[in-house]
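Comments concern the structure below.
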Amino acid sequence: MLENLATEERNEKTIDLDTLSPKEILAVMNEEDLTVPIAIKKVLPQIELIVSGVISCFQKGGRLIYLGAGTSGRLGVLDAAECVPTFGVSKEQVIGLIAGGEKAFVAAIEGAEDSKILGENDLKQIKLTANDFVIGIAASGRTPYVIGALDYAKSVGAKTGAISCNANAKISAHADIAVEVVTGAEILTGSTRLKAGTAQKLVLNMISTASMVGIGKVYKNLMVDVLPTNKKLEERSKRIIMEATEADYETANKFYEAAEKHVKVAIVMILTNSTKEIALEKLSEAKGFVRNTIQK
């Protein structure tokens, strides 16, 4: 029942929220938000297990699939979308599914989250395989849409994870790895878009970023597979080449163009004094890791 969930409890610090000034509201919100990273720190070992599993799936050609309803679903869609320009992956490698489909991203779809079959069908629609990793996201930890999806994922042999914001969450029993970030009562009772949503976003950031590092999408702390989809990212790409190689702007730009705007390839060309074709071959042998490529 909802009344037994910590995320549905009333926050004693904000019982009289409607009497507070804007300054006081912001102060108490900030104070409550500071508790989120502390809660996440307690479950880092579980997050690490998910990351290791995602890396393994990626190495087998599998995908990462986020799945949730409402705010939880939107956060998954957001993180999946950001992986494309940040890490240069295809939009099929990291997928975000939300109960009710794309329309639900901007408007609530009545009853969508209450259907287990809908969660199962959404995974069937993308032809889920045993090489994929499915992460169900639900602040309450009890969303039927997510539970249905996790059960189906396990039935086809896919790895599964669950992210919730309550202890002993129902969805935890339906996943291989459970991450329960206990964020407690919200300043606005039951509004899990607040601390719970913040916690979910931070955990998703960790999972996608650490997993991408694990498959060679990063050199040092640079986004070497960035997809230059606009002028800002084109300039960032050249700066990344400069940082990685200590080349000047003119040289970085020259190799950027010679590498057909592939930052990673340009870096290897400069650091190993090789042609684009040889750089691509070296990177392939090193499974895309720049550090391993240039150390050979």
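Cβ atoms here come from the backbone N, Cα and C positions, even for glycine.
Taken straight from Swiss-Prot:
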type: DOMAIN; residues: 54-217; note: domain 'SIS'
type: ACT_SITE; residues: Glu82; note: active site, proton donor
type: ACT_SITE; residues: Glu113; note: active site
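For the active-site residues given as Glu82, Glu113, the lowest number of other CB atoms within 10 Å of the residue's CB is seen at Glu82. The two recorded residues the residue listed as 'active site, proton donor' and Glu113 (active site) have their Cα atoms spaced 24 Å from each other. For the domain 'SIS' (54-217), the model's pLDDT averages out at 96.
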